[in-house]
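Asker: Please read through the structure below; I'll follow up with questions.
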Amino acid sequence: MATQILGILFCVSAAAAAAGTKVYSFNSQNSTSVSSLNAKDGICKSVVEPLGYACQEHTVTTKDGYILSLQRMPSGLSGQAADKPPVLLQHGLIVDGVTWLMSLPDESLAFILADNGYDVWISNGRGTRFSRGHASIDPYDSAYWDWTWDELAAYDLPATFQYVHDQTGQNLHYVGHSQGTLIALAAFSQGKLLNMLRSAVLLCPVAYLNHLTSPFARGVVDLFVPEDLYWLGQHEFSLRGPVVNKLLEDICIMPGIDCSDLLTAITGPNCCLNSSRTKIFLDQSTATKNIIHLAQMVRTGTIAMYDYGNENDNMDHYGQPTPLVYNMTSIPNDLPLFLGYGGKDYLSDVRDVQVLLDNLKDHDGDKLVVQYTDEYAHADFILGVNANQIVYDPAIAFFKIN
């Protein structure tokens, strides 16, 4: 998962380099609006409104000063106001809220939920193009990038939950993909957000990464690529950076890694993608420190806070010589959870998902829905042309009973 979208984007980056500089766009109904995205126009004006849907831009400031962008779709194409509870959509790594709008409206979860009467809220994580503001720090300052997914769970998610709850006066449903599941599981295990939550749909759930099967992701971890970047002063992780690309080139010469098809090498053999929708160069940023944290998870097989590498620094941050562990067994047994995972996923590996399920073995039987799709890999859950029937319809049915 740490290199989930990293791999997708580098695949496009490598192809673009081979053919000269080229930016790909979606070959679909909303291709023009998506390819012309810019931070000034925002997601509503560029992607949602051109398709006839109402959309509102919102911002929320986290307790540590990051200013995050949120989009609200208060009605479906019919224009009828939502009559069902709010749903918050949280994207994965090195993408942003456009993740939920990339396909045609009848294949994209945000549009589908709005057309089914839900009040849809789309989150954009810190450091992505629409969420680069801060109360006092400039994103060109290395201090801006001093965070990992620990902070996403501790600050970003609570801020967005509270904002949606305050704006709607209702508890909300949650949908996360990949890293979006990781931060939710971490928060839930600490008893956070539960008083504002109706249910959670976790697609490609990530709590453990020890069985990561992606050869490319393993290469990134084994060669300590993010650590090298950090000590080279690259605190913002962006694929446009020449240093990043140079280090990733070293992965491509490793045996068994086919960089001509990195989408498969990273995420697994996705069954059901429209190839035109994978050729998109979003190039969203994350913190290099975040990539290091994810690599630590791969090496240790645990879900713990960031390891500062020595006992003294860990003591300063955690009051103990080792990082605090997120205890998955602490997630309340009566919390309605829907977990969807695939048999071909190289990142949310079946064996790692089973470790998570083992930790949830005492969960109330009527509060845990587990959906396994043998032919699905990592990207199918958000870009699959049949995800509306395979994943989204069951998820909506789950919402209706919770």
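A Cβ is built for glycine as well, from the same backbone N, Cα and C atoms used for every other residue.
According to TrEMBL:
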type	residues	note
SIGNAL	1-17	signal peptide
DOMAIN	47-103	domain 'Partial AB-hydrolase lipase'
ACT_SITE	Ser178	active site, nucleophile
ACT_SITE	Asp345	active site, charge relay system
ACT_SITE	His378	active site, charge relay system
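Help me see these features in their spatial surroundings.
Answerer: Listed in sequence order, Cys204, Thr267, Gly268, Tyr376, Ala377, His378 are the same-chain residues six or more apart from Asp345 (active site, charge relay system) with CB atoms under 8 A from its CB.
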Asker: Hey, of the active-site residues listed (Ser178, His378), which one tops the CB count within 10 A?
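Answerer: Within the set of active-site residues, the most crowded position is His378.
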Asker: Tell me the residue counts in helix, strand and coil for the domain 'Partial AB-hydrolase lipase' (47-103), as DSSP assigns them.
Answerer: 10 helix, 21 strand, 26 coil
